[in-house]
Amino acid sequence: MEHALTLSQHTREYAGTDPLRLAVAAAIDAIAEASIEMAELIGRGALAGITGEAQGSSNADGDVQKDLDVRCDEMILEALKKLPFAALASEESEALVYGDPMAPISVAFDPLDGSSNIDTNATVGTIFSIIPTIVGVAPFTAPGKVQLAAGFVVYGPQTSLVLTTGDGVDIFTLDRAAHVYKRIRHKVRIPTDTPEFAINASNHRHWEQPVRDFVEECLAGTEGPRSKDFNMRWLGSLVAEAYRILTRGGVFLYPGDGRPGYSEGRLRLLYECHPMAFIMEQAGGGASTGREHVLDLAARTIHQRAPLIMGSIDKVNRVELLHNDPDAASRSAPLFARRGLFRV
């Protein structure tokens, strides 16, 4: 793919001469440039003085900050502050960073998603969402469906950037020799029939009944209503789960549950759920809380949490049906099905 389209070529084609699109393209390019530096920093790890150790402080959501969290946050803020922006929202900051209220866009981002994986050399990433400035509406208070662009970077065996600007989903991979992202997949569509689900099964006892019912259907395999043998995945990294779904299909569930502080799940709406939902829907998939479409939700606070079920549209719709129709599970249960893994 020596002559593959570069990310900067892609954003130029997208923007044309439209002022709003030019602002969006500039923000995407800035985040991409920062991510290339971050990929180098992450890849060198301890050789670059990165230990993955806690810094003795917590971010706005209560997570313990690590040295790499802080550095990556600084790198993205530095890149975005060079551009016109109305407001910036970072997972690592308690409050918004305000710029020019008349600037055309605001950006929400998680600079280093999954930083707890650094110690084990597992996948981490960066997630971002770009929204328009709306006259009379405070930044980041509109529903997710107003997003202009969303994307995430996966720092894995390859460094890849997934992007949507509202016209499908493209995937770019970092050419390390040239220091540019090059497109490897265009107009990605999520496979619909992959029998895979991802959930942290250790929390089974805390789940709501509809989530239990869905997982039981998957575990029932060919003898259950799904009529397929499912595999369970759990990578412990939102960006890695999302990338796998885009390329392989399946469904990811991080529901709300009965633990104190987990009724709305753990993921943050503005810079995790909203951008992932936009990407999933643009790739022909779905994203729901179980009861509502994620893109219909508007944040009440910067770091508001929300449940997230995302992936192949049929599986997301099934989870929604089980939440909204309590009798759905009993209607589809085979009369003589074997007990599932979690059944008592």
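Quick reminder: no glycine exception, Cβ is built from N, Cα and C everywhere.
The Mg(2+) 1 binding site feature in Swiss-Prot is assigned to Glu91, Asp110, Leu112. Under the DSSP three-state reduction, Leu112 (Mg(2+) 1 binding site) is assigned to strand.
Here Swiss-Prot flags Asp110, Asp113, Glu272 as Mg(2+) 2 binding site, drawing on sequence analysis. The 10 Å shell around the Cβ of Asp113 (Mg(2+) 2 binding site) contains 29 further Cβ atoms across the protein chains shown.
If you look up Swiss-Prot, you'll see Asp113, Gly114, Ser115, Ser116, Asn200 marked as substrate binding site. Look at Asn200 (substrate binding site): DSSP puts it in coil.
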In the chain carrying Gly114 (substrate binding site), residues 6 or more apart in sequence that have Cβ under 8 angstroms from it: Ala122, Thr123, Val124, Gly125, Gly236, Ser237, Leu238, Val239, Ala240
Sorted by sequence, non-Glu91, Asp110, Leu112 residues with Cβ within 8 Å of centre, Mg(2+) 1: Asp69, Cys72, Asp73, Ser90, Glu92, Phe109, Pro111, Asp113, Ser115, Thr126, Ile127, Tyr271
Residue pair Asp113 (Mg(2+) 2 binding site), Glu91 (Mg(2+) 1 binding site) - Cα distance, angstrom, rounded: 9
Greatest inter-residue Cα distance in Å for the substrate-binding set Asp113, Gly114, Ser115, Ser116, Asn200: 18
Extra residues within 8 Å (Cβ to Cβ centroid of Asp110, Asp113, Glu272), Mg(2+) 2: Glu91, Phe109, Gly114, Gly125, Thr126, Ile127, Phe152, Leu238, Val239, Leu267, Arg268, Tyr271
